[in-house]
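Student: Submitted below is the structure of interest, expressed as structure tokens.
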Amino acid sequence: MAQVAMSTLPVEDEESSESRMVVTFLMSALESMCKELAKSKAEVACIAVYETDVFVVGTERGRAFVNTRKDFQKDFVKYCVEEEEKAAEMHKMKSTTQANRMSVDAVEIETLRKTVEDYFCFCYGKALGKSTVVPVPYEKMLRDQSAVVVQGLPEGVAFKHPENYDLATLKWILENKAGISFIIKRPFLEPKKHVGGRVMVTDADRSILSPGGSCGPIKVKTEPTEDSGISLEMAAVTVKEESEDPDYYQYNIQAGPSETDDVDEKQPLSKPLQGSHHSSEGNEGTEMEVPAEDSTQHVPSETSEDPEVEVTIEDDDYSPPSKRPKANELPQPPVPEPANAGKRKVREFNFEKWNARITDLRKQVEELFERKYAQAIKAKGPVTIPYPLFQSHVEDLYVEGLPEGIPFRRPSTYGIPRLERILLAKERIRFVIKKHELLNSTREDLQLDKPASGVKEEWYARITKLRKMVDQLFCKKFAEALGSTEAKAVPYQKFEAHPNDLYVEGLPENIPFRSPSWYGIPRLEKIIQVGNRIKFVIKRPELLTHSTTEVTQPRTNTPVKEDWNVRITKLRKQVEEIFNLKFAQALGLTEAVKVPYPVFESNPEFLYVEGLPEGIPFRSPTWFGIPRLERIVRGSNKIKFVVKKPELVISYLPPGMASKINTKALQSPKRPRSPGSNSKVPEIEVTVEGPNNNNPQTSAVRTPTQTNGSNVPFKPRGREFSFEAWNAKITDLKQKVENLFNEKCGEALGLKQAVKVPFALFESFPEDFYVEGLPEGVPFRRPSTFGIPRLEKILRNKAKIKFIIKKPEMFETAIKESTSSKSPPRKINSSPNVNTTASGVEDLNIIQVTIPDDDNERLSKVEKARQLREQVNDLFSRKFGEAIGMGFPVKVPYRKITINPGCVVVDGMPPGVSFKAPSYLEISSMRRILDSAEFIKFTVIRPFPGLVINNQLVDQSESEGPVIQESAEPSQLEVPATEEIKETDGSSQIKQEPDPTW
């Protein structure tokens, strides 16, 4: 522990014990870091002062040095006291010079008041069930305070018009705006009396019953804007006497000045994100950010390369359907259009006006940034700002003077409020460049950094063509070096591993030899220009003997490639045979014995497996995908089963085998207590979720009701998994979700009866047919492809689900075609089973067509999607393995790459497709990724804890924890049938579905 000395600092207020514990804990963590630095032969000395305590932390030599120099400690304490006094004096000086800054503060306070007012209007609109801002009737709310309740205001702040708040209160409200919500309890009293002398005419009456049944139909009027004479409009209001759901009125709006940390620190990963598109990162309540490429996985990151489209909240009605916020709309029943609907449109913003405004502001900010950047590098004329470099080198390249809460990014990612605030602070903005060499070394690659959105497709087509040309050139030159006239695939890894024996001559200056996917357009063009000079030099041809086949296999996307299903089935069977043989050897038997996997999971202290590849837990082979199965097969020689208590597994062996086991012989050797302790290769211990290691219920383990336990996880508390109960539950949920989808589809067509959803049409035309209101992280697919958690999420969110059908004629044609093509078999099926099916759906009045091969067709599509996910995961694993210097595929830590932006960069992805786990990709996106497989490349910019590079763990102290978390990533938890999940109720345990925030 750090050494603590007592100083003579004056103490006015004693710190609470909790704060002191926090400081002590952090100091111990600092000391642990110093120990790790000492292992690298680095010396550290640190002095920390907290109230009356002086902490001396560092390595052994560092602490010894500081302890011998007491004058250092005294000087540091004295310096801290003086700085506190200076800070107090500065505070006084600021208060005295407040009058001199009134002009600056007037602009700032006006902006903050407008922001708070807009945010109050936004919250009030949500309470009324509208997706647009609604003016807040402040006078009525203050006069009748029990009608509308405002929750979440900071302690000590009363609700009133923002004009009555001072600067500090406005900032305080914006910092705590995440919890602010309006709750409408009842209509305002005396609705016919209005302040201001105007006589208002109301719209057509509309009402809605409370979902909780707490009160009857009510009418709530909204205040008009001050500058318009539009009549008041009635809004459908959902009234709740008490908030039954704490998240009902919460809309996940981030607060605080920090842009990169708030999302991860303040938003729990396990909580479903409602209205995540309204996440505001700074102190602006009126703007929201919508990802430009994909909305299925929303992890905001300021260092992300992909720009976000940020619009103000009033512009929701102008956003395209794919980028319109879907999870924030409260349910509203269809109501007749009011008579004055035409007048109401006057209150909405004009898109052309908004577009012209934001385009002009972005252009001004872009010119401002370029001018300031040119001043920093002392350049004349137009310059291009390397935005990715500023994001990846935040310590050496950054911008000062930006308004609080606004990060430095491309102007195209800002909304109108932030652009205006940046222009107000333009005099204070300054570019700081500490290392000019960072700009010079990559200047030629940065010419591609600023493509206009309109030319992105053209750029992608161009770079794809150039990379293919360079790849063909390299293959041709490589074949010439081998004395062949037919082009051969180049083993780039071998050339990187043996630079002295395998290298290339004639490349342009400062361009190393790598795979074409590493090059940008300028370098590719230079290589093509000197193509005649390029020559492959092979001094040791024997190094290439085993590489050609290895390299050509992943590069071929032809029908010669082995079928995925055959491949994974073969690998699983092979691993199953390895496990059975190793288990028999551990029991002293010569014949292979089937492994009772549930017994191993429930007794990890007495039954475990050593020698498994790093990061792979022991499970049934049916749980693994192709990358893990291949790693297990490669490392099969190291695998060893340890059976400390043979009596636990005897009841699961065939009758003839149990008598051959010598229990004493198995128990006599002294085996290590922990798996992997005697392994020569450092293994990371991975604990399988669920088992209770303290009280293993061995009595339940011995029960003879053991089926094919390879697929069924064993309950740690001794209760067995009931397949019948699980199957009944998931079948019922799937039927309910399917009925829900059919009902919503009928509503979208204006019908009172349900209509069977043509899922193929929704998959083929996602722009014309899509679904809004699904839970965060749940894509629209057939209910048969979901597991229990997602099915339950969909049913909980059923009120918000809405089908959007833009082309009803195409929809009706598809329904007619499917009905006409599948109706003849229906006449043949006149068995009692058909009658049962019809009676089961009679109450719902569903238009249903009985299809004999519907299940086969559905399963084939599910299997096809699984194959695509497996192939994409295999591709990512192989590319990631290449990036970290491994010669084999390595599981991609998707979650770590997401929460550590800038550490790993993925290049070569198709336009409009962002990098994420395959389970979150659409089928069309996965196909495009496989088509661009040659150009996808992982680049490790800076390692994160737990990353293995060239067989060396980056941070041994942190490796164990992350690996345990990574074992549950969606890309590696393969489920044989669908995305089945782990359900934790009293009697069953099913594999868990990946968290949507991963």
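Yeah, the Cβs are placed from backbone N, Cα and C, and that goes for glycine too.
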Student: Among LYS70, LYS74, LYS660, LYS734, which is annotated SUMO2 cross-link in Swiss-Prot?
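Tutor: That would be LYS660, per the SUMO2 cross-link annotation in Swiss-Prot.
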Student: Looking at LYS86, LYS363, LYS640, LYS896, which is the one Swiss-Prot tags with SUMO2 cross-link?
Tutor: LYS86
Student: Swiss-Prot annotates one residue of LYS39, LYS78, LYS435, LYS744 as SUMO2 cross-link; which residue is it?
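Tutor: Record annotation (Swiss-Prot, SUMO2 cross-link): LYS435.
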Student: If Swiss-Prot marks one of LYS353, LYS468, LYS802 as SUMO2 cross-link, which residue does it mark?
Tutor: LYS353
Student: With Swiss-Prot open, pick whichever of TYR79, TYR165, TYR460, TYR503 is annotated phosphotyrosine.
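Tutor: Per Swiss-Prot, the residue annotated as phosphotyrosine is TYR503.
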Student: Test of record reading: of LYS160, LYS535, LYS570, LYS891, which one does Swiss-Prot tag as SUMO2 cross-link?
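Tutor: Looking at Swiss-Prot, the SUMO2 cross-link feature maps to LYS891.
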Student: Out of LYS193, LYS266, LYS345, LYS670, report back the residue that Swiss-Prot marks as SUMO2 cross-link.
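Tutor: The residue tagged SUMO2 cross-link by Swiss-Prot is LYS670.
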Student: Where the distance is taken from Cα to Cα, which of the recorded sites LYS130, LYS140, LYS380, LYS864, LYS891 turns out closest to LYS660 (SUMO2 cross-link)?
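Tutor: Going through LYS130, LYS140, LYS380, LYS864, LYS891 one by one, the Cα closest to that of LYS660 (SUMO2 cross-link) is LYS891.
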Student: I'd like the Cβ neighbour count for LYS353 (N6-acetyllysine), meaning other Cβ atoms within 10 Å of its Cβ, all protein chains included.
Tutor: 9
Student: Suppose we draw a 10 Å sphere around the Cβ of LYS380 (SUMO2 cross-link). How many other Cβ atoms does it contain, all chains included?
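Tutor: I count 6 other Cβ atoms within 10 Å of it.
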Student: On the DSSP side of things, how many residues of the repeat 'GTF2I-like 2' (352-446) fall into helix, strand and coil, could you say?
Tutor: 51 helix, 8 strand, 36 coil
Student: What does DSSP call LYS861 (SUMO2 cross-link) in the simple three-state scheme?
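Tutor: The three-state answer is helix.
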Student: Roughly how many Å lie between the Cα atoms of LYS861 (SUMO2 cross-link) and LYS130 (SUMO2 cross-link), rounded to a whole value?
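Tutor: Cα-Cα distance, LYS861 (SUMO2 cross-link) to LYS130 (SUMO2 cross-link): 38 Å.
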Student: What is the Cβ neighbour count of LYS891 (SUMO2 cross-link) at a 10 Å cut-off, with all protein chains included?
Tutor: 24
Student: Which one is it, among the recorded sites LYS130, LYS380, LYS891, that lies nearest to LYS864 (SUMO2 cross-link) by Cα separation?
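Tutor: Closest candidate to LYS864 (SUMO2 cross-link), judged by Cα separation, is LYS891.
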Student: From the recorded positions LYS353, LYS380, LYS891, pick the residue whose C-alpha lies nearest to the C-alpha of LYS140 (SUMO2 cross-link).
Tutor: LYS353
Student: Within 10 Å of its Cβ, which one of these recorded sites (LYS861, LYS864) has the largest number of other Cβ atoms?
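Tutor: Buried the deepest by this measure is LYS861.
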